[in-house]
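What follows is one structure encoded as structure tokens, with my remarks underneath.
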Amino acid sequence: MKGKDQMKNSHSCIPSASSQILQKCCIRGNQKEKHCDLPGSFSSESHVLSTVKVFEMAQAQLLDQTSKKEDDPSITSQPPNSHSDLSLEVLDDLQLALLLQASAEMFSKRHYERATELLSLCNLCSSPTGTPVQRVVYYYGEAFRERINKETKSIIGLQLDRLVDFEVKPTGVEELFLCSKPHVIACYHALPFYQVAQFACIEAILDNVKSERRLHLIDFGIRSGSHWTILMQALANRGDCPLELLKITAIGTSKQAVDETGKRLSSFAAENMKFPFFFKAVVSEMKDLSKDLFELDTNEVVVIYSEYILGGMLAWPNHLEVDLRFIKNLNPCVIVVIETEANTNEPIFMDRLNESVFLYAALFDCLEAFMERDDQHRMEFERLVLREVIHNMITCEGEGRIFRNVRLEEWRALFEKFGIKETELSESSLYQANLMVDRSAHGFCTLDMDGNCLTIKWKGTPIVFASAWKFVHD
């Protein structure tokens, strides 16, 4: 850890002239490892300031500076001394967040050389193993350098020693988020909002099928299928209206992955349930679904479960509308939807950037609270999943930008076009959600109601929403 004097000196690493930047790069380059290898937990002072708050403060400071020097590409300066109540570690993070924001501002004004200089500083001061702010800046800075390379048709600012590791190959939404790889499962189990949303939605399904005896669950992205074991146990214990048949149809593009999940669920059913269980894998892209792929019976009740699937269709609005028509044709008794509660689909680049930075700052902050910095699953999740999403959002436009999110209000407007209305989550659903929050070792996960939908937040930042919907028949 740096000495106090060294830490103070490090706060001057945002000079305005290029020669000063290059000089500081050399100095900080020698100090990088010492600066980035911080302890596994924050000090009590730095605990007060969330990662999102750091980026909000940096954004506010940048806006203040640009209002005074509107067209000056050398707008960045030292953080003001008004933050003397913050720890040196947080001041370092605040300065680093300001560097990233300034880099983005220069990029938006097409000052690519200046942006590259600032990104070089981001590279020197950030780390994939440091504080949450350092990790966010590391991956965003990496993506920005690639975007500038695309814009300038050169490799300016891209360090040769990172060329091999730098390229991020395009990956589909399903392969990243819906796979059953250990790092994905470990992080989904560690982060409370994913479990809270799942428990609330499973309870919503149970509330809507209380008197049904033949149940057909259609899962648009099943992953490990662990959420269905919760429902299966509840159905097995239902004494007043015993189930006669449970069917699960899982949709995916990897037959092997879906089949493996089916085997696990079938084994679980054989050991824990007395009623017949049937599992069917449908290997298909969402846009290619048709009713004849499903073994539907007239005397069964259909339930649709969509977790982070519909958002993956936002890059192709026509396909999304086709899917909604298909869902309507299945005539489900209820549709449960879990999606990210953020708007990273803005047409203006800087608006999209700021929204995504706040979202992923909250995610990195939450990972910090529940997993050690050197946890292998956490590091793989950040490097293989979050890195790719950030890279795609920054470097791609048009249909190539496949990772998009919109807020709940936009989903409401879209669903309304197809006669889909949100239905109230029951007291039992909210009870299950609150129970999961209470089990959390930290008090930063909170719940809010937005209409009839449940919004799950981390330190005040919305992360996901859990909801139940029904078709309104004419």
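Using the three backbone atoms N, Cα and C, a Cβ is placed for every residue, glycine included.
Owing to the predicted nature of the structure, the values given are computational and were not obtained by experimental measurement.
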Feature region 'Leucine repeat II (LRII)' in TrEMBL, mapped to one of the ranges 29-61, 128-160, 260-292
260-292
Which whole number is the mean pLDDT over the region 'SAW' (395-470)?
93
Helix, strand, coil: count each for the residues of the region 'SAW' (395-470), based on DSSP.
27 helix, 26 strand, 23 coil
